[in-house]
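Asks: These came from TrEMBL, pasted as-is:
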- 1-125: domain 'Ion transport' (DOMAIN)
- 6-29: transmembrane segment (TRANSMEM)
- 98-121: transmembrane segment (TRANSMEM)
Amino acid sequence: YVATLLFSAASIVNILSLLVILLIFFGYLGKSQLANCRYQVAYNHGINFRRFQDSIRLLITCVTLDNWNNIMGDLSLTQPFCTMTENFDDCGSPVISLLFFLTFYIVCSYMIQNLVIAIVLDNFGGGSNDVGGHISTSELMGVSDVWVHFDPKLKGYIHHFDFVSFL
């Protein structure tokens, strides 16, 4: 199992690099669209989009599927539960919040995690198939000799009732 993880390490680093790029992209997107929302229970002083490092912390929390639906709910806050004036707005947007979190959830949680699992499983299967994968010339000649026994006229087929004996 350790060998499988070692074979998978380079590919997993590539996938994690992609995840970091996606976190940065979604961090800036959330900062530009949802930063000014009013603090609530899940969206608060520690978990918010107001600073870039806080937005990355929020997204890491969401990629682990911890409380992401409550954060999305807090960012969907509309009037009369928030303040919207000509100069100030701390309301959220249900549409933007829903699109943002569902897109992030599908891309990061489903696709990235499944890519990591697929890489490990692929390398696990590849490592177990390396032993005895080639047919030697002597084995091929042995099968040919047995085939001639069941197909003496060399028609290229044998009867179905001879197949079990052939094997």
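Note that the numbers count up from 1, one per residue, in the order the chain is shown.
Glycine residues also receive a Cβ, built from the backbone N, Cα and C atoms like all the rest.
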Asks: Over the domain 'Ion transport' (1-125), what is the model's mean pLDDT?
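Replies: That region's mean pLDDT is 87.
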Asks: Please count the residues of the domain 'Ion transport' (1-125) that DSSP assigns to helix (H, G, I), strand (E, B) and coil.
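Replies: Helix/strand/coil tally for the domain 'Ion transport' (1-125): 84 helix, 2 strand, 39 coil.
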